[in-house]
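Engineer: Here's a structure for you.
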């Protein structure tokens, strides 16, 4: 493996890992703060990708589609939390699993009714559709670098939100003692709604920006969901920092696995998870 | 309570008699459908041991179901039939072994973690069969010859025949129910329920909670394997879909829909679930939307999670209790 090839795989692995982080961070926040296991999280990724495709073909611009799509998915998140998720806070995880599993079926069939079952490509915006040459015959697409950059910015934004703002303080407090926070006069319900909508929008956003690379196809959310579960298990529940570390770890492991040992590439992440479970059953990080 | 138990036994015996008589009257289609339902009932009861009694919400139970199916497909020689006497125990043993290894890992976690990790291990198995040649890839493997069941040289049952297979499944369903009831009536079974309610207290009382949970996990996995084996025999092929998380979701739904922690509830749930599938995908009734039957299924699942937490058997019990109370008042 020469250096340019290695560099390409490294960048691909990081980009994939950062994308996973966007989905997994919402998942881990919803687990950690609201105590909700959300199987439908992968569906939001799928909804995002389909929104990007349909809105981009309507407006002719991926940027406009993403902007519009984010607004729509935030509204979707607020509506879902209001209508359904809210009723699950006091309930056993079992019912959370069941209800959100039902949601997956609903989303998947709605997708089939509204958008059909075909695979669609989404063009990379013309402005970003070139590559940076690395050697004579190897080059790296700019769009992938842009995705990584945007994901990094969002990760930084999320860190600042949680660590440095008043809202972040309420979120942290809410995750450690819900009742105490409420009795101090903070509207924890509103915070839960915000967190859920944020998680939905982040997952959908990941689906949107990745649509030009992955294309758009039925059941695309399932694979992402399960990988993100592995991320959360490795990183530690409710830990955004853990989600970042684990996402990058898995992104790199899977990318290099596919190049070096393609026969067992599908299993690598699960073996990694098993190893972490033996070593630290609670995950690598335990704090928000 | 005893009157309640006697009544339940009477109903269950009546149900078994009705099932035993069914192939005499039912068409081929419905005999096959009921066979499928009974197989799913075994699957759902095996999960009830974990979810309903031990408090372990597994979202990866399809792993055992699929593993046993694949075990059969790989054990059967291509052009001749294998014996059920050793393929069924071997398939169940494979599941027990898989449960022992993964159980030792997944039981280190609890709550949400447990749900995710069981799902992840099932998905790992999915990829093992999906990505490798020996598992036939995404196309799966055909099982051309159903296993034979002989005593010495005489064939006891011919599983190619619909009703023979039906009765085999019925006998196994009853056997699994009785075995599980026996297990749950033992000290071990009571300890499992104790672990569900308060694991710390059980440990303080000197029960080795981890080993008990692992034992329950292994038993449950082996019984799920039995149902997966039977399903593979019935359909004559296996593919990775039988390990998919939709299968794990479906069986969990059967347990809740019927009423967890009752054993017979999940069997009712299996019946209701498969019947709903048939209903929602009925083209004569739903026309073009029959293709989208999962939408109605999804909405039903959401409604059950919100409004029917104790399932159908909980509904019946509530009704029965109200009646009992009314009668007591009358006296």
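Please read every residue number as a count from 1 along the shown chain.
Placement of Cβ uses the backbone N, Cα and C atoms for every residue, glycine included.
TrEMBL labels come from automatic prediction, so no person has curated them.
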Engineer: According to TrEMBL, transmembrane segment applies to one of these ranges: A:60-85, A:164-189. Which one is it?
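Structural biologist: Checking TrEMBL against the ranges A:60-85, A:164-189, the transmembrane segment one is A:60-85.
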Engineer: Check for me, if you would, whether the transmembrane segment (A:190-211) reaches the transmembrane segment (A:142-162) - at least 3 Cβ pairs under 8 Å, residues 6 or more apart in sequence.
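Structural biologist: These two stretches do touch.
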Engineer: At least three Cβ pairs under 8 Å linking the transmembrane segment (A:223-252) and the transmembrane segment (A:16-40), pairs spaced 6 or more in sequence?
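Structural biologist: Counting Cβ pairs under 8 Å (6 or more apart in sequence), the transmembrane segment (A:223-252) reaches the transmembrane segment (A:16-40), since there are 3 or more.
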Engineer: Hey, which bits of the same chain come close to the transmembrane segment (A:60-85), Cβ under 8 Å, at least six residues off its ends?
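Structural biologist: Cβ under 8 Å, 6 or more out: 34, 36, 38, 44, 47-48, 51-52, 99, 103, 122-125, 192-193, 196-201, 204-205, 208-209, 212.
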